[in-house]
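Copied over from TrEMBL, here are the features:
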type: REGION; residues: 1-24; note: region 'Disordered'
type: COMPBIAS; residues: 8-20; note: compositional bias 'Low complexity'
type: DOMAIN; residues: 39-417; note: domain 'Amino acid transporter transmembrane'
type: TRANSMEM; residues: 43-63; note: transmembrane segment
type: TRANSMEM; residues: 69-91; note: transmembrane segment
type: TRANSMEM; residues: 128-152; note: transmembrane segment
type: TRANSMEM; residues: 164-186; note: transmembrane segment
type: TRANSMEM; residues: 198-215; note: transmembrane segment
type: TRANSMEM; residues: 227-249; note: transmembrane segment
type: TRANSMEM; residues: 261-284; note: transmembrane segment
type: TRANSMEM; residues: 304-325; note: transmembrane segment
type: TRANSMEM; residues: 337-356; note: transmembrane segment
type: TRANSMEM; residues: 362-387; note: transmembrane segment
type: TRANSMEM; residues: 399-418; note: transmembrane segment
C-alpha cells in the first residue's frame with residue numbers, strides 16, 4: 001500500500017548529542033521550509049493505508065475454518081493489541097528522544113538502537129526483513145494462484161503448473177519495478193495501488209452481501225482450537241502497520257490526540273475486517289476459497305477485479321521490499337544503491353513462493369512467526385526496558401504478559417501453520 005508500511009525499516013541512526021553538524025548543515029545554513037504536518041482526517045487516512053493490505057482477502061477463508069464468531073473476536077483482539085503496542089512505541093520514543101540523548105528517533109530500528117544498542121537494531125532489522133519479505137512472498141503466491149484460476153483452460157500445461165508459469169512470467173516486471181531506487185519515484189504507483197485495493201474490496205463486499213441474501217448457505221460460529229491458532233496468525237498478519245507507528249506520529253500535527261485517532265481508526269479497520277470476513281464466509285459457506293476473489297466466478301466484473309488486484313500487488317511489491325533493500329544495502333553495500341542485491345532478493349522471493357501452495361496458509365505462517373515478534377514482543381520489551389525503574393507493578397506485569405503472549409502465540413501459531421502447509425502439500 002501507500003506511504004506506510006513499505007518504509008517501516010530502521011533507517012537512520014539516532015543523532016549523537018555531541019554532533020555540531022547535522023546532515024551537512026551548519027549555523028550558516030538557511031532554515032528549511034517547515035514540513036506540512038497531517039490533520040486528524042489525513043492521519044486517519046494514513047493509518048488506514050498503512051494497515052490495510054492484501055491479508056484481508058484471506059479472511060473469509062479463515063472465518064470458514066475458525067467460525068465467524070471466533071474469527072471476529074480474533075480480529076478485534078488483534079486490533080486492540082496491535083493498537084496498544086503501536087502506542088507503546090510512541091511512549092517509548094517520547095521518553096527517550098531529547099537533545100541530550102537521542103535527538104532523532106524516526107523509525108522502529110532507531111528506537112531499538114536507543115534502547116538496546118546494536119543488538120536492538122539488529123533484532124528489528126531481522127524481523128523487518130522476514131516480515132516484509134514474507135508479505136511479498138504472499139503477494140507473489142496470490143498473483144500466481146489468481147492468474148492460474150482465471151486462465152487455467154487457455155493453455156495445455158504439460159511441463160509446468162499454471163501457478164509456476166504465471167509466477168515466473170512476473171519476473172521481468174518485478175526486476176524492472178524493484179530497480180527503482182527510491183520511494184519518492186514509486187509514490188504515484190502507490191496511490192494508484194491504493195485506489196485499486198479499496199475499489200476491489202468494495203466490489204467483493206457488495207457481491208458477498210448479494211449472494212448471502214440469495215442463497216444463505218449453512219455457516220458455523222466456532223471452530224476447533226488448532227484452526228483458532230491458525231486464524232490468529234492471519235489476524236495478526238492483517239494488521240501489518242506496526243512499524244509505521246513512529247513515522248505516522250511524527251507527521252501528525254496534533255500529537256496529543258494521536259492516540260485517540262489511532263484507536264478510532266484501528267476500531268474502524270477491525271469492524272471492516274470482521275464484516276468482510278463474515279460476509280465472505282456467509283456468501284460461500286464451506287466452499288470459500290483461500291483467496292475470496294476466486295469465488296466470484298468467471299464474469300467480466302470478476303475478471304476485472306482479480307486482474308486489478310494482481311496489478312495492485314505487483315505495484316506494491318517494490319514498495320514493500322524497500323525496507324528490506326535498505327537494510328541489506330546498509331549492511332552489505334555501505335548504504336549505497338545496489339541493483340544486483342535487489343535482483344537476487346527478487347529471485348529468492350519467487351523461489352519461496354513456488355514452494356508454498358496456499359495463500360492464506362502462508363499469511364498465517366508469517367503472522368504467527370515474524371509479525372508476533374515485531375508487532376507484540378519487541379514493542380513491549382522496549383517499553384519495559386525503558387520504563388522499568390519508574391512504572392507501577394501492574395504496568396510491568398502487562399508488558400511482561402504481552403511479551404509472553406507474543407512468544408506463546410508465535411510458537412503455537414507457527415506450528416499450526418507449518419502443519420497446515422505440510423498437509424496442503
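In case you wondered, yes, glycine gets a Cβ from its N, Cα and C as well.
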>> I'm a bit unsure how to read this: which one of 43-63, 227-249, 261-284, 399-418 has the highest number of Cβ pairs shorter than 8 Å with the transmembrane segment (304-325)?
In response: 43-63
>> Can you tell me which parts of the same chain pack against the transmembrane segment (261-284), counting only residues 6+ beyond its ends and a CB-CB cutoff under 8 A?
In response: 40, 43-44, 47-48, 51-52, 56, 59-64, 68, 71-72, 75-76, 78-80, 82-83, 86-87, 201, 204-205, 207-209, 211-212, 215-217, 219, 238-239, 245, 248, 252, 292, 295
> In terms of Cβ proximity under 8 Å, which residues at least six beyond the ends of the transmembrane segment (43-63) contact it?
Replying inline: 1-5, 71-72, 75, 135, 138-139, 142, 194, 197, 201, 204, 208, 230-231, 234-235, 237-241, 244, 248, 251-252, 258, 261-262, 264-266, 268-269, 272-273, 276-281, 283-284, 288-293, 309, 313, 316, 359-360, 363-364, 367
> Apart from its near flanks, which chain residues at least 6 from the ends of the transmembrane segment (337-356) lie with a Cβ under 8 angstroms of it?
Replying inline: 133, 136-137, 140-141, 144, 163-164, 167-168, 170-171, 174-175, 178-179, 181, 321, 324-325, 328-329, 362, 421
>> Which sequence-distant residues neighbour the transmembrane segment (227-249)? Criterion: at least 6 residues beyond either end, Cβ under 8 Å.
In response: 4-5, 7-9, 43, 46-47, 50-51, 53, 55-56, 58-59, 62-63, 65-66, 70-71, 74-75, 77-79, 82, 85-87, 89-90, 93, 105-108, 110-111, 128, 131, 135, 255, 258, 262, 266, 269, 273, 323, 360, 363-369, 371-372, 374-375, 379, 409, 412-417, 420
> Going along the chain, which residues at least six beyond the ends of the transmembrane segment (362-387) come within the CB cut-off of under 8 Å?
Replying inline: 55, 58, 62, 81-82, 85-86, 88-89, 91-92, 95-96, 108, 111-112, 115-116, 120, 123-124, 127-128, 130-131, 134-135, 137-138, 141, 229-240, 242-243, 356, 395-396, 399-400, 402-403, 405-407, 409-410, 412-414, 416-418, 420-421
